[in-house]
């Protein structure tokens, strides 16, 4: 077990394409870190550089305090789980899991002990004699994880391991992965483009965009205190609403004439806001049906275009001025209808103001 | 206008239905054509061996007799076979063919598997160019190559020797087998080598423990190809071998069973049939593995 340090990591591809543009990241021992971001953000490249499958153009990667830049993958003491499982098709499940140990010349009894133990943790003991083609997607992914566990490496690397599974199995395997990590406590770096996976699994989430780290933090912090517009928009589903806004006299002025007073406690924070081009950011769940009398609530009238009853909640989609694709989460009991104006209540304690130019959250 | 559109729709609809109704008759027609062409092809390809077999069962007098239907055997005899199998020279041809083919298949597979692995997986300067070059060499026919090769084989002192043939046959087999193997190796997902690398394999272990077992169908296909080419080679042995003790079957039969204008037809046919036996056996035996390999080749997760 070990910590992983990335220092000013750069990855250049031929033709001066910079996939990773100098990132710094410290991953603690036993920590579960998820790299998340849209495709092409450099998250997989970063993971592959930690694994040693991609060369590092500049910077240093250290695993357990040792710089591993020039150490081949097999000597880095890492294990990796791939999106398409990458099981050896001609070997039984047992042999697949034992392969790494056999190559390292472990004694037979020790190999058997470790494979049996991993199979028990993953609940695949009855499958040990089967070939990968006789397994379902979820079982294959367990075997791939088993192959990682038996090695007892310093670091687990996961490269979008759940992307090939169907939605139901994905949720199930997500829990499984979390359970395994709570059992073995191995330092883990996990790459995904699915923010729900990132939020549910991670001790800390690293949001990447265009080869740079946008923000690092525990899931709750990223959710409630995003640092940039990108993070605010990427984390959370449906996504946060952004409305062009101005701040005057301690209130947010929205297009269409809505005026939302800023809570007392936040006034100091937005002292520099007046006169700036701003975006008012608010999550759909903080834009609810009218609840008069609650503190720090502000009224805002919208005209829903589409109403989506989800059962436990109802989503109302609307636009306000230039801001399209806005969304509010209403109680299912609220009788909202398309094209009929409705008064909503904005929870101003959970609002965000962003600099429209830089995308920074104030 | 709407009425016109509607009637057009109906017309279109009925067109679709009439087509759907004819589906079974279309299928029947396709089946008939398929059977007819397959039967025709089978007759064309099987007629020579059948005629060879019939002729091999006849005595010289019956072969020479122009009366009657040549497809019928009146006095079947095994004398052609006993004469051949009692002839040490014929057995020598057989042995030569086996030695040459066995060694050529071995040399070919070692070279082409190693070359294909390097060309398909180890990205190095010029690997793409080399891969294309390997294929281009296959396009030069042996009928063009045997004259310059005669000089080379002669220079090595290997003329009129089966070892000379063992040396030159791989020029026919290696390029194509390498090409087949490059294709097979390239179809193996990249993650499989990456997983093996992380599991601690070096290049050689990756080849022997992952690539060769996974690419077994391709290796068998290449082996069959190398065997067939080497067993049936005609131009090179005709050019490079002169004495019967060094001859493989292909030229041994035609050179030793034809004396000036005397053709020992019965023995030639029997010999040709016996010579065709090993490839048939190899195909029949390996084809099972080949097909099993194809269906089991679940390289994708």
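Placement of Cβ uses the backbone N, Cα and C atoms for every residue, glycine included.
The domain 'ABC transmembrane type-1' annotation in TrEMBL covers B:94-286.
Here TrEMBL flags B:29-54 (among others) as transmembrane segment.
What TrEMBL lists as transmembrane segment is B:93-117 (among others).
Residues annotated as transmembrane segment in TrEMBL: B:129-150 (among others). Panel annotation: around the transmembrane segment (B:129-150), residues 115, 119-120, 159, 168, 171-172, 174-176, 178-179, 182, 233, 235-236, 239-240 of the same chain, lying at least six beyond its termini, place a Cβ under 8 Å from a Cβ of the stretch.
For the transmembrane segment (B:162-186), the residues of the chain that approach it from at least six positions outside its boundaries are 96, 99-100, 103-105, 107-109, 111-113, 115-117, 119-121, 131, 134-135, 137-138, 142, 145, 149, 153, 156, 211, 215, 217-219, 221-222, 225-226, 229-230, 233, 236-237, 240-241, 246, 248, judged by C-beta separation under 8 angstroms. The feature transmembrane segment is assigned by TrEMBL to B:162-186 (among others).
Feature annotation from TrEMBL assigns transmembrane segment to B:207-234 (among others).
Marked as transmembrane segment by TrEMBL: B:264-286 (among others). Counting only same-chain residues 6+ beyond the ends of the transmembrane segment (B:264-286), those with a CB under 8 A from a CB of the stretch are 49, 52-53, 55-56, 58-60, 63, 79-81, 83-84, 90, 94, 97-98, 220, 223-224, 227-228, 231-232, 249-250, 253-254, 257-258.
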